[in-house]
């Protein structure tokens, strides 16, 4: 979550005609695997994102893009949303959660560890993961595993997690890689397990942030990818309490679709 991702103006400085927006979206995401150059074995789309994060401090302020004043509001809404799907008959268990794009573990500390016995964290930045034990302040012994991997390269272990939390990181995946990651996450869920995706959502279409090499999709695009993955949406809510000029943030809870074992 950075300044260019927060403000509506910075993300969408002008409106494009519908046809042009569609073309930009195709070039930015759907066709990127065919058109991008390769840098050190990674697509340029991903290499730029990793380069951007090398300059981000491993602090809570860094994770929030200097919008630390919004962290409590974000955390409280996430906790309330999570409570709807864990504990009780027919709901997700509270044994183990996976924090995707974890950074230093802000979500693990404030949202997941108060509920789950243990967590596992995956992030592409080694320096972020190295800071987790210090940041968790006594709760680090409840971290079972650290995975220093990009999500397009990460496969959750089968039937391992009660909840998989994906926050402010889906925009760093192309459509193809996000779809494939959701499918892999589905396989990583225990019975009654839930995937929760929380991210910035465009009002219409898709916008590209060249600074950190990320995209912001609208709900229709997200719904399409989720449907193709075989997941079923249980509930979706818009984050409340953020400044009006911020890009809308939505939370979506998903579960294995019918017939998926």
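Placed from the backbone N, Cα and C atoms, the Cβ positions cover glycine too.
Around the Cβ of residue 151 (S-adenosyl-L-methionine binding site), 24 further Cβ atoms fall within 10 Å across all displayed protein chains. According to TrEMBL, the feature S-adenosyl-L-methionine binding site maps to 101, 106, 151, 152, 167.
Ranking the binding-site residues 152, 167 by other CB atoms within 10 A of the CB puts 152 at the bottom. Neighbour list (residue 101 (S-adenosyl-L-methionine binding site), Cβ cut-off 8 Å, at least 6 residues apart, same chain): 122, 123, 151, 166, 167, 168, 169, 172.
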